[in-house]
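Trainee: This is the feature table in TrEMBL:
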type     : residues           : note
BINDING  : 28, 29, 31, 33, 42 : Ca(2+) binding site
TRANSMEM : 43-64              : transmembrane segment
TRANSMEM : 76-93              : transmembrane segment
BINDING  : 92, 221, 225       : Zn(2+) binding site
TRANSMEM : 105-123            : transmembrane segment
TRANSMEM : 135-153            : transmembrane segment
TRANSMEM : 159-177            : transmembrane segment
TRANSMEM : 189-213            : transmembrane segment
TRANSMEM : 219-244            : transmembrane segment
């Protein structure tokens, strides 16, 4: 209790001047602060980010052949997920405004990078359909504008991110429903279902904190971290499949599961081309899809 009062006293003096000051963020999640250790504000909200440091590096390795043949840029998405993990750890460990901004801006950049990489040209303005790089530049400019807005008005970030995420979910729902690959359909249902559960958990943590405190379970936000990471990872895999099938229906993409199929939903899905072995022997058989994503 003395520690928390001491920090509150510091915050009252410096919160408006130093965004790196512990407690300088207006956002404080339901988990009680500095209970497990005096060095970490929200212990479980902090350590639950571990999957942001485990899953993305593994996915970069699993998608190595896809990245070489189709889109090197897909690696950026997993790197940005790691950035989100770093920001989230910093944020929940200190409850600082700087940590909050790194966390939220990282999410923004993942969403916009996903649109730049995967959104089919039919959904972009006619003036940007012919030259894909113009659409990418437009996404970067929009991202910079929203980033600046979020830095000035951080209280609006959560709402902006939810709004920007809805088109991605709609895209997955619409195109997965038309997909003839049963595994991608099932993966899409699982992805959207996990996203819906994650958002519900996020809202419940924010709005009904007193209830969770009363039953000694104020850890919903930690669960949100885990579910949203795996949902986001599946969304990347699904979009990576759909964008190739949209432009090249004849492409023979295969969905695999790591470490093995027997683990069911407790696996990481990834994509490989059926002829990857031949491609490694003769890399001149590359897809021209590097120009579209």
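Each Cβ is built from the backbone N, Cα and C atoms, and glycine gets one as well.
Map these features onto the structure and tell me what's around them.
Mentor: For residue 28 (Ca(2+) binding site), the same-chain residues that are 6 or more apart in sequence and have a Cβ closer than 8 Å to its Cβ are 95.
Counting Cβ atoms from all protein chains shown, residue 92 (Zn(2+) binding site) has 30 others lying within 10 Å of its own Cβ.
Within its own chain, the transmembrane segment (135-153) is flanked in space by residues 101, 104-105, 108-109, 112-113, 115-116, 119, 121, 124, 128-129, 160, 164, which lie at least six positions past its ends and keep a Cβ under 8 Å from the stretch.
Taking Cβ pairs closer than 8 Å, the transmembrane segment (189-213) reaches residues 29-30, 32, 162, 169, 172-173, 176, 219-221, 223-224, 227-228, 230-231, 234-235, 238, 265 in its own chain, all 6 or more past its ends.
Sequence-remote contacts of a segment are chain residues at least 6 beyond its ends whose Cβ falls under 8 Å from one of its Cβ atoms, and for the transmembrane segment (219-244) they are 29-31, 42, 44-45, 47-49, 51-52, 55-56, 59, 63, 66, 70-71, 74, 77-78, 81, 88, 110, 114, 117-118, 120, 168, 171-172, 175-176, 179, 181, 184, 187-188, 190-191, 194-195, 197-198, 201-202, 204-205, 212, 251, 253, 255, 268-271, 287, 289, 292-293.
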Trainee: Can you give me the same-chain residues 6 or more apart in sequence from residue 221 (Zn(2+) binding site) with a CB-CB distance under 8 Å?
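Mentor: Set apart from residue 221 (Zn(2+) binding site) by at least 6 residues yet with Cβ under 8 Å, we have 29, 30, 31, 42, 45, 201, 202, 205.
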Trainee: To test your reading of the Ca(2+) site: which residues beyond 28, 29, 31, 33, 42, same chain only, put their Cβ within 8 Å of the Cβ centroid of those residues?
Mentor: 30, 32, 41, 45, 92, 95, 218, 221
Trainee: Same chain, not part of 92, 221, 225: whose C-beta falls within 8 angstroms of the C-beta centre of the Zn(2+) site? Give them in sequence order.
Mentor: 29, 31, 42, 44, 45, 46, 48, 49, 88, 222, 224
Trainee: Taking the Cβ of residue 31 (Ca(2+) binding site) as the centre, how many other Cβ atoms fall within a 10 Å radius?
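Mentor: For residue 31 (Ca(2+) binding site), the 10 Å Cβ neighbour count is 25.
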Trainee: Near the transmembrane segment (76-93), which same-chain residues lie under 8 Å Cβ to Cβ, leaving out any that are not at least 6 residues past its ends?
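Mentor: Residues 25, 29, 39-42, 45-46, 49, 51-53, 55-57, 59-60, 99-107, 109-110, 113-114, 117, 225, 229, 232-233, 236.
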Trainee: Can you name the far-off residues of the same chain, 6+ from the ends of the transmembrane segment (159-177), with a Cβ under 8 Å from a Cβ of it?
Mentor: 104, 107-108, 111-112, 114-115, 119, 123, 146, 149-150, 184-185, 187-189, 191-192, 195, 199, 235, 238-239, 242, 246
